Each structure stands twice: as structure tokens, then as C-alpha cells.
């Protein structure tokens, strides 16, 4: 029997748990409200990285992975290990998408253009996949040119590692006696997801027309960029080898995460594209490592794992209304990723996207749009329309990625204030609240071994706090992100389906 107990799930993006240290902005922020909630309510820690969330053992968690595990109630085998396994077992080299790309370019005497984020950051891509793709064309005797269009990282890796990654790619090009590095640009341009179409246009024009700053080599590009203080994420779109994407060519996008691949891919594939003016290139073949959007052509190198019973679908099947709200930076995570990586809005699912501030970097406005979002959400809570609400606070993660310690402290303090207002409002209306995170970041902004600024995610567990039940303050069993959805279902009085392999963190407790 469904009790229709209402529940608010708050994802404090990038707040991990770690001891006090010089780089722990969460501890420095002294979040009094969160600390009080932790001490006066049942709580625990959740694993949010490695094999606990479907990633390789020594890989840090991220927002995509975190929200998929939170929403599915199971370990979702992530794209990276699936692709790696496909390469190891040889399935990758039998991909129909790669075969079609090869044959299209061969038939039309065209070239192959390979683009993607060249790094070992593991969040959006992996450098080894570039090597494997090059090997495919080399081993099969491709006769024309293979051009690489490289996006540099600096967010999920160190800020000046781009030159080394390109050097590794160049060594593989030399070994295979095939391929050329054509263009280089920072992920800020090629991987925008906030409809800053001017950035996407610069990347598109660079790849398709060879429009950008000219350099004799990528070594020269990095030397001049680093000397000017321009780090990998912000590398200006630059041409190393002048080339264009022409009719008869094949284009391959190697990123395996959809959200930051969509805008650039849309410029190639969307017949109704209106992000900026461009002449569609006729007769090109476009393949991608994974599926980015349902209505794109299905030339997928490694097909995805499908989640059939995410939390949103279960709530919908019980005729319960739900709300997803986040600012632009994390809106795909509370919708697409939380729903199992599918672009579907379930019956009774409302969505609110609060625009993220238009600033060069978020340390310039560490509160981001948290206050505006909180105000809107309190109005929706008071409407009593929703049985389940998911909200994401982007600040700790997005500001943490800048490496600005004091700004990240301010970001955490902002979230602490907003969470207090939301929980107070929701509990007053008889609901229950779960506070957690998708991965760590803000608690580890300095590498304690080297003293260098750390802009990446962390391996640390994340907090879990349950409010609005009669369970006394105590330490709950240690869990992982997959255990959150089963816990939500128990609180709401909804049976857990067999597809959810996580376990409720309160299964032995009387809740109300």
C-alpha cells in the first residue's frame, strides 16, 4: 500500500567527505546547518567512485555516473569499462559503425576526421580510444587521410597536461604511419552545453573549415598558450594542419558522455539546427562512440546498457507527480541521467531549468543561481503538487573545478543556507528529505602530496542524511549511490522492483 509520503532528494553536487586539510573547502566553510542535520538525524557515507558505481576500480566518480546510479538503484556499468572491454575482446574492431565510416570515405575518396577530448580524465573520453580507432583504420589499410581534431581538457585532468597527451597521440601516429593532428581547441569551445553557441561555432568552423589561429606545431601552440596563462580548458581554437570536412568524408566523435557532445554533434547532424548559421555539409558519414540523442542517426560504435526501471518510471507508474529542478549546468543530470540515460519525460514529471550565470568562470559568482532556484522551489513545495522532488545544487562542483579555494568555500556556504531553507519548508509540510551528493570535489582542492591545485573530482565517499522520519540519530550502514533509490521507495511506501539491486539503508527500521 502506497503511503504517498512525500520526499525531497537534494544532491549537493561535489560535496565529498574527507578529514580537515588545507584543501578541504567543505570543512573550511563550516556549514553549520548541514553539520547540525548530520548530528541530529540518521546518516552514513556512500561510495561514489570506482566499481561501486560501475567505473573501473581506480576511476573517480562524476556527475553523469552519480546521477545514473542514484536514479536507477543499481550499479550502472559505465561507458568507459564497456568500451575498454570491447577493445580488449576485439568487438570494437568489428564495429559496424567504424566499418561504415571506413567504407563511406573509401567509396567517395574522402578523409576521416576523428574528434574528441584527448585526455585520461575518464569522465568524457579516454586517450586509449583514440589509439584504438587509429589502429582500426591502419590495420584495415585505409588509403586516404585520417585527421585528428583534438579537444584539450584541463578540468578532469591537470591544467597543463594537454601537450603530453598530444605527444602520446603523435607517437601512435608515427608508429602506425597514419594520421595527422589537424586542429586543437579547449573543451570550453568544443564541449559547451549551455547554448553558448558562439563557442560551439568557433569549434565547428575550426574543424570543418580550418578557421582558427595558425601554428606550425602543437608544441608551439602550447608554449605560447601557457606563457600567456591560457590553460588546457581554454586553448583558443587553433589550426596545426589546414583541412576541411568535405562531402564524402567520415566524421567520428569519440566522447562517450552525451551532454557535452550534443551541441557540436547537432551542428553536424540536426536538419533543423538553429544554433548559428552554417552551410550543412552534404554526404558525410557521422559515427559516435555512444548514442548522444535518440533522433540522431544510429551509427554507434559501442551500444549502451539500457535501464528499464529507473526511479522516475516507478513513480510515474504509481501515478505520482514528480519535479526535477536544477540550474543549466546540472539540468541534464537531474533529467536525462537520473532517468537512466534516456531522453524521456515520464508521465507526471515536471522540469524546471534555472539559467546558470553567464560569467567566464564560476568562481566569479560562487553562489551561481542557487538562491534563485531555492526561491522557485519553495514556491513549488508550497503548492503541494509533488510526491517527489529532485534538486541539484551545482555550486560546490562547478566552482571547485576552477580551483579557487575561497570561492569554493563561498559556494558551500551558499548551499548550506539554501538547504536549510528547503528542508525547513519541506519538513513543515510533513515530507521527508534525503541529503546526499553524486561525487566529491570541494573537499579536496589541493593535492596533499604535491601541494598543487586540484580541480578534479575525488575518490572520497559522500554524505547521506535522512530527515523527517522517527528513526533516531544513528549511523546507518555504509552504502553506495545505488542504495539511495531503494531507500526512497521504502520511505515512500512503494515496493522495490527486481531491477533495482541496491538495498535500502533503513530496511531494518520502523520509519513512521
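For all residues, glycine too, the Cβ spot is worked out from N, Cα and C.
Pulled from TrEMBL:
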- 6-495: domain 'Metalloenzyme' (DOMAIN)
- 13, 63, 438, 439: Mn(2+) 2 binding site (BINDING)
- 63: active site, phosphoserine intermediate (ACT_SITE)
- 83-293: domain 'BPG-independent PGAM N-terminal' (DOMAIN)
- 124, 155, 156, 187, 193, 257, 258, 259, 260, 330: substrate binding site (BINDING)
- 397, 401, 457: Mn(2+) 1 binding site (BINDING)
Predicted model, mean pLDDT over the domain 'BPG-independent PGAM N-terminal' (83-293): 97
Euclidean distance between Cα atoms of residue 124 (substrate binding site) and residue 63 (Mn(2+) 2 binding site), Å: 11
Residue 397 (Mn(2+) 1 binding site): secondary structure state under DSSP, collapsed to three categories: helix
Per DSSP, three-state class assigned to residue 63 (Mn(2+) 2 binding site): helix
Euclidean distance between Cα atoms of residue 397 (Mn(2+) 1 binding site) and residue 260 (substrate binding site), Å: 16
Shell list (Mn(2+) 1; ref centroid = CB of 397, 401, 457; cutoff 8 A): 13, 14, 62, 63, 155, 396, 398, 400, 439, 441, 442, 455, 456
Sparsest-packed among the binding-site residues, when each Cβ's other Cβ atoms within 10 Å are tallied, from 401, 439, 457: 401
Integer Cα-Cα distance in angstrom, residue 438 (Mn(2+) 2 binding site) to residue 397 (Mn(2+) 1 binding site): 10
Three-state secondary structure, which DSSP defines for residue 457 (Mn(2+) 1 binding site): coil
Mn(2+) 2 site, defined by 13, 63, 438, 439: further same-chain residues with Cβ within 8 Å of the Cβ centre: 11, 14, 48, 61, 62, 66, 67, 330, 333, 397, 437, 441, 457
Sparsest-packed among the binding-site residues, when each Cβ's other Cβ atoms within 10 Å are tallied, from 13, 156, 397, 438: 156
Cβ atoms near residue 63 (Mn(2+) 2 binding site) (within 10 Å, other residues, all chains): 28
Spatial neighbours of residue 457 (Mn(2+) 1 binding site) among the binding-site residues 124, 156, 193, 258, 439 [C-alpha, 10 Å]: 156, 439
